[in-house]
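**Student:** Input: one structure, supplied below.
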Amino acid sequence: MEKLTILLLVAAVLMSTQALVERAGENRSKENIKFLLKRKRAADRGMWGKCKDGLTTCLAPSECCSGNCEQNCKMW
């Protein structure tokens, strides 16, 4: 009878530990999703912010990241 009681206690501890680990995993997944969404938003803005990258049509040098506009933004 004592062995059965000990076995049940060990099983209960293992199950509660597993439940805690699973909950922690869910929180980590949510944190990872938030982190990746922030990175995606930064990538959508472009490497240098709101300026245009190379070979993009422009009207003024201030539109280009390089500050060099000759109908298209130049890299340098």
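Keep in mind that glycine also has a Cβ here, set from the backbone N, Cα and C atoms.
Because the structure is a prediction, the values reported are computed rather than measured.
The annotation disulfide bond is assigned in Swiss-Prot to CYS51-CYS65, CYS58-CYS69, CYS64-CYS73 on the grounds of similarity to another entry. Annotation comment: Swiss-Prot describes 1-19 as signal peptide, evidence class sequence analysis.
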**Student:** What is the Cβ neighbour count of CYS73 (disulfide bond) at a 10 Å cut-off, with all protein chains included?
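**Tutor:** The answer is 21 other Cβ atoms.
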**Student:** Among the disulfide-bonded residues CYS51, CYS64, which residue has its Cβ surrounded by the fewest other Cβ atoms within 10 Å?
**Tutor:** CYS51
**Student:** Between the Cα atoms of CYS73 (disulfide bond) and CYS58 (disulfide bond), find the distance and write it as a whole number of Å.
**Tutor:** 6
**Student:** Tell me, how many other CB atoms lie within 10 A of the CB of CYS69 (disulfide bond), whichever protein chain they belong to?
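**Tutor:** That number is 18.
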